[in-house]
Amino acid sequence: MNFLRMSELSLTDKVVLIREDLNVPIKAGKVASDARLQASLPTIKMALEKGAAVIVCSHLGRPTEGNPEAIYSLAPVADYLSDKLSAPVTLNSDYFTQGVAIEAGEVVLLENVRFNEGEKKNDAALAQKYADLCDVFVMDAFGTAHRAQASTEGVTQAMHKAGKTACAGPLLAAELDALSLALETPAQPMLAIVGGSKVSTKLEVLHSLAELCSQIIVGGGIANTFLAAQGHSVGASLYEADLLDTAREIMGKTEILLPEYVVVADKSDIDFADFTGSLQQASATIKSVDTIGENDMILDIAPDSAIKLAEAITKAKTILWNGPVGVFEVDAFGQGTQIVAEAVKNSQGFSIAGGGDTLAAIDKYQVADGVSYMSTGGGAFLEFVEGKVLPAVAALEINA
């Protein structure tokens, strides 16, 4: 990919605006999960080491534009960054009216960009205001690269029109390099693991991967649809009857690996208003896919079947993982995902994992050190796999 990289630039005494993805859960005024913040730190530190004055911006949650609600404030993130950088990080809420007073070696965090009217609509005037704050713009938020918004794509266009520099940060560049390696020039055989509740949400991903992969392991509700397409009864399990022909079409393109044995619970034991909570008390039973009863809900891949699937994983040279293969939040229905996770860890192939549930599973089963690359993106990860253009990245390429 042809774009400027922050690592290649001289930033001495430059005011640098870095768009990060700092959209993290906040509970009781504190950061509840810091994975995205940890991922942003190397970029901020690199800019400081290069002698820059660093302005950081991000969104948090989904506030109503023009209505700055305290629950969506980035104040807890500023506190977190201050602690991790061992230096004060000032939160600036009036950056357009008062400007940003900053010197080299300092860090200022702009208040939630989604408080600004026109952010989501990629308002050109708003994008220009961001560009006016800096000498160099750094797009480092892969998780929002699929959105053409004022602080992601519009600001790059504004920088270009003003004759200023816009570039990719180290995190964004690493994401794109890893995904390109996995999707454009993958070592074969390539295998994908695709989980989730519905085929419809991963339909384009499955079609794209079917062209690349020798084998695809499907799990969760997606697997139920493929099992039904093979003529198996799936009982009371979640599946999509209107996509059976689509599932068969995908099976005609590549080898879809399905379990022979699954873990089920009786539908009557499940409170759908408290799904995972009620599953804690439900009985888990292993059954052949040929003996699923009308009240059975398939909730995991049985261990023996998961071990067979793991054998395929260990033989792959490239592995792409998106989605758990069972309700791993409940231990009785998590063994399949655990076995798959450990197989990815122990594989000698290049592995890339993405999606919030996937990263949560990696964290739960402590296999991160065996995964070659973990993508911070959710929707952006899927859209890249689908072959779609990411607007914020395209703007960087055009203006390189």
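Placement of Cβ uses the backbone N, Cα and C atoms for every residue, glycine included.
Look at Swiss-Prot and you will find Asp21, Leu22, Asn23, Arg36, His59, Leu60, Gly61, Arg62, Arg114, Arg147 tagged as substrate binding site, backed by sequence analysis. The feature ATP binding site is assigned by Swiss-Prot to Lys202, Glu329, Gly355, Gly356, Asp357, Thr358, with sequence analysis given as support.
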At the level of the C-alpha atoms, what whole-angstrom distance separates Asn23 (substrate binding site) and Gly355 (ATP binding site)?
-> 14
Tell me the Cβ neighbour count for Arg114 (substrate binding site), meaning other Cβ atoms within 10 Å of its Cβ, over all protein chains shown.
-> 24
Cβ atoms other than its own within 10 Å of the Cβ of Lys202 (ATP binding site), all chains, total 24
Arg114 (substrate binding site) versus Lys202 (ATP binding site) - Cα distance in angstrom = 28
Binding-site residues Asp21, His59, Gly61, Arg114 vs Gly355 (ATP binding site), shortest C-alpha separation belongs to Asp21
Within 10 Å of the Cβ of Asp21 (substrate binding site), how many other Cβ atoms can you find? Include all protein chains, please.
-> 25
Between Glu329 (ATP binding site) and Asp21 (substrate binding site), what is the CA-CA distance rounded to a whole number of Å?
-> 25
Whole-number Å only: compute the distance from the Cα of Asp21 (substrate binding site) to the Cα of Gly356 (ATP binding site).
-> 14
Winner by Cβ contact number (other Cβ atoms within 10 Å) across the binding-site residues Asn23, Thr358 = Thr358
Cβ neighbours of Asp357 (ATP binding site) where a neighbour is any other Cβ within 10 Å = 17
